[in-house]
Amino acid sequence: MVVRDYNTELTYIERISTNSFRIKKGFQPNMNVEGIFYANSRLEKLMFDELRNSCRPGMTGGFLPGVKQIANVAALPGIVGRSVGLPDIHSGYGFAIGNMAAFDMSDPTSIVSPGGVGFDINCGVRLLRTNLFEKDVKPVQEQLAQSLFDHIPVGVGSKGIIPMNAHDLEEALEMGMDWSLREGYVWAEDKEHCEEYGRMLTADPSKVSMRAKKRGLPQLGTLGAGNHYAEIQVVEEIYDKYAASKMGIEELGQICVMIHSGSRGFGHQVATDALVEMEKAMKRDKIETNDRQLACARINSVEGQNYLKAMSAAANFAWVNRSSMTFLTRQAFAKQFNTTPDDLDMHVIYDVSHNVAKIEEHIVDGRPKQLLVHRKGSTRAFPPHHPLIPVDYQLTGQPVLVGGSMGTCSFVLTGTEKGMAETFGSTCHGAGRSLSRAKSRRNLDYKDVLRDLEAKGISIRVASPKLVQEEAPDSYKDVRDVVQTCHDVGISSKCIKLRPIAVIKG
């Protein structure tokens, strides 16, 4: 690999507009398409500082800078359009988190890469609304936070309380939210307000290892640790009244609940198993990549198909997981307010995935094409009138749920036509890390983080207090910059801003 100085690297990066940058071919070897990334002035500085630091003599180890990872993805076989870096981008395994790429299904050389989905398959967010207001919740805020903490199993080794045996797990992996509906854990309309209606039909549990199933069985209906959370939130601003009203959000001060979780150890094992198989497939099929973390297989190879079927099962696991936590959240609220979830109007606004690969139809060079779209740390954001979004949102565009860092605001956005054309209907997913977990642990004290949250009037319940500094707001980019950048470039539109009043974490 040629090592260039920082100024030479910059000759390959060109500003297209105030908030968008082109990465030219040649920045990394064998690029089939260009790269693009979106950043405002503050986010841009973080991107270029990361690149500058990587150019220093003796800088080895760790992940490559985000711009390099975008360019390495642009060199993968079968990629179309551009390799896209969203404003929340940060270095990850293979693909950067916040990197999106689409591959032509009709090209026999096209690949699927587990690094383009991530280890937490279908890590995603679900948002529930209520008919409660901040004034209703404030007097019982601490009790409600405790009730949620008591109802939802949280933390690294947390075990689920939803009854589950091996046969149930097989069915849940195949059926996704249809299993949750049959078992009485969700309402029929919950499914309607869920990406893919909460079920990937391509799931095949027989392609999942026994080890993954063993890890997954006790974890269904658990929040986990890391950046996962359940938050009680207050509607602080409404930017698009019409779209918000379609979501059942009419007034400031309304209470919502956001659940952010994924496929736990199950998804991690599916990804780990696939990477081992794909390294063998790459040797056999003579596939070369710029980075060995970009292990991949031809989409139509046995390994590629096996991964997609197992990944779909992990996606279903995550939807069942969020559904189980929806059930527990409704129970906690009903118990606290001595009424029913129905009377509290606890409907699902939407549920989105942040880590997944899916076959979708997009326009490429003026013609519709079937593409395998990898979204890692990015969110599907389809525009109004798209056939794959619910009837309720046909006139507004798909809701996009963007979680902030702990104690900061979250946002609901909507998909746009421009996003469909520029980013294959994709936008940001969250704040995006600016400090690694190790640096966060070194630089921040968890007691200070907890004190800051209390000073903001936020109730906090956390299973592992010492993990809190990894998720402190100072470890992340400012989610407001991320969301505003997406809004300004037109790939999504701001709809609702939510402020946390209680945070439940692993």
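Here the Cβ of each residue, glycine as well, is placed from N, Cα and C on the backbone.
Quick look at what Swiss-Prot annotates:
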ACT_SITE  His429  active site, GMP-histidine intermediate
BINDING   Asp120, Cys123, His228  Mn(2+) 1 binding site
BINDING   Cys123, His260, His354  Mn(2+) 2 binding site
BINDING   227-231, 354-355, 403-406, Ser410, 429-432, Lys505  GMP binding site
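Shown here: features listed in Swiss-Prot, placed on the structure.
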residue: Asp120; record: Mn(2+) 1 binding site; Cβ neighbours (10 Å): 26
residue: Cys123; record: Mn(2+) 1 binding site; Cβ neighbours (10 Å): 27
residue: Asn227; record: GMP binding site; Cβ neighbours (10 Å): 24
residue: His228; record: Mn(2+) 1 binding site; Cβ neighbours (10 Å): 24
residue: Ala230; record: GMP binding site; Cβ neighbours (10 Å): 29
residue: His260; record: Mn(2+) 2 binding site; Cβ neighbours (10 Å): 25
residue: His354; record: Mn(2+) 2 binding site; Cβ neighbours (10 Å): 26
residue: Asn355; record: GMP binding site; Cβ neighbours (10 Å): 29
residue: Ser405; record: GMP binding site; Cβ neighbours (10 Å): 23
residue: Gly432; record: GMP binding site; Cβ neighbours (10 Å): 25
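Between His228 (Mn(2+) 1 binding site) and His429 (active site, GMP-histidine intermediate), the C-alpha separation comes to 13 Å. Less than 8 angstroms from the CB of His429 (active site, GMP-histidine intermediate) sit Leu86, Asp88, Gly98, His354, Gly377, Ser378, Thr379, Val402, Gly403, each of them six or more residues away in the same chain.
In the set Asp120, Asn355, Ser405, Gly432, none of the binding-site residues has a C-alpha within 10 Å of the C-alpha of His260 (Mn(2+) 2 binding site).
DSSP assigns Ala230 (GMP binding site) to a strand in the three-state reduction. Counting in whole angstrom, Ser405 (GMP binding site) lies 15 from Cys123 (Mn(2+) 1 binding site) by their C-alpha atoms.
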